[in-house]
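Asker: Quick one: structure below, then a few questions.
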Amino acid sequence: MDGNYTLVTEFILLGFPTRPELQIVLFLVFLTLYGIILTGNIGLMMLIRTDPHLQTPMYFFLSNLSFADLCFSSAIVPKMLVNFLSENKSISLYGCALQFYFSCAFADTESFILAAMAYDRYVAICNPLLYTVVMSRGICVWLIVLSYIGGNMSSLVHTSFAFILKYCDKNVINHFFCDLPPLLKLSCTDTSVNEWLLSTYGSSVEIFCFIVIVISYYFILRSVLRIRSSSGRKKTFSTCASHLTSVAIYQGTLLFIYSRPTYLYTPNTDKIISVFYTIIIPVLNPLIYSLRNKDVKDAAKRAVRLKVDSS
């Protein structure tokens, strides 16, 4: 690299380059989706916190999953909404670092929480007599603390290595937020270490969580198949239905990100995938756990009745 370069102090987020009238339409669509994310996840957290019937480890984990979803989207969507209405789509170097750090931290935290939820279901179904001992309040809190520590440590590694790089002259990020792959393309220094970290350390977090989930469900399935009555098998496995659906959507998306062939790495493909896991999944999770869970539906009905009776 020669000495004739200018260090970048801010980036331009290209976002979704379309006609101005379509920008307004996209703004309204994503604003509506973000409103659903806020309402759904905050509503679910409040319901779990206030309803005495939902004070179990499973719902404690679910409440933290909703919090991680909410924070993950909130690290990205507000800036994206502002950029739809503004001609100035810039973000400072430090702002970009913060956005990337928090989005990466909460994404990885969510993976760890989903793994903890799978372990919780394993203990509940395979060792029901020891459930209250194994999944005590203290253990549950530690699992959540470790999930947040794991997510933040992973993010700290990626953020530190990404922002010690020099960015010269080119400053247009072909994305709607500061994500690592499009950011690395702008660096004027060697990014081989970052690319190695992304493909090994980054994927190892998801692979570890995926392995925990697969092993947990292997033992769950073995226990369920030992139940003689079909109604008993169905009732037992139904307690995992919401979690399995959530895992299939989230981990399926991440597995596609890490396993897709190189010819599928295009900016537009990345944007579509990013919209799915930053916005669509946080919209779907509260719906999945509300519509497919009898306890949550009953708690919602009790909350509505209480509100009606008190008014």
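Here the Cβ of each residue, glycine as well, is placed from N, Cα and C on the backbone.
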Asker: Answer with yes or no whether Swiss-Prot records Tyr94 and Thr189 within the same membrane-side topological domain.
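Answerer: Yes, same side.
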Asker: Which listed stretch (25-48, 57-78, 100-119, 139-157) has the most C-beta pairs under 8 A with the transmembrane segment (196-218)?
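Answerer: Comparing 25-48, 57-78, 100-119, 139-157: 100-119 has the most Cβ pairs near the transmembrane segment (196-218).
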Asker: Would you mind listing the long-range same-chain contacts of the transmembrane segment (272-291), meaning Cβ under 8 Å and 6+ residues beyond its ends?
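Answerer: Counting only partners 6 or more residues beyond its ends, the transmembrane segment (272-291) has Cβ contacts under 8 Å with 30, 33-34, 36-37, 40-41, 43-44, 62, 65-66, 69-70, 72-73, 76-77, 103, 107, 175-177, 179, 242, 245-246, 249-250, 253-254, 256-257, 297, 300.
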Asker: Using a Cβ cut-off of under 8 Å, list the residues of the same chain at least 6 residues beyond the topological domain 'Cytoplasmic' (49-56) that approach it.
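Answerer: Distant Cβ neighbours of the topological domain 'Cytoplasmic' (49-56) are 63, 295-296, 298-299, 302-303.
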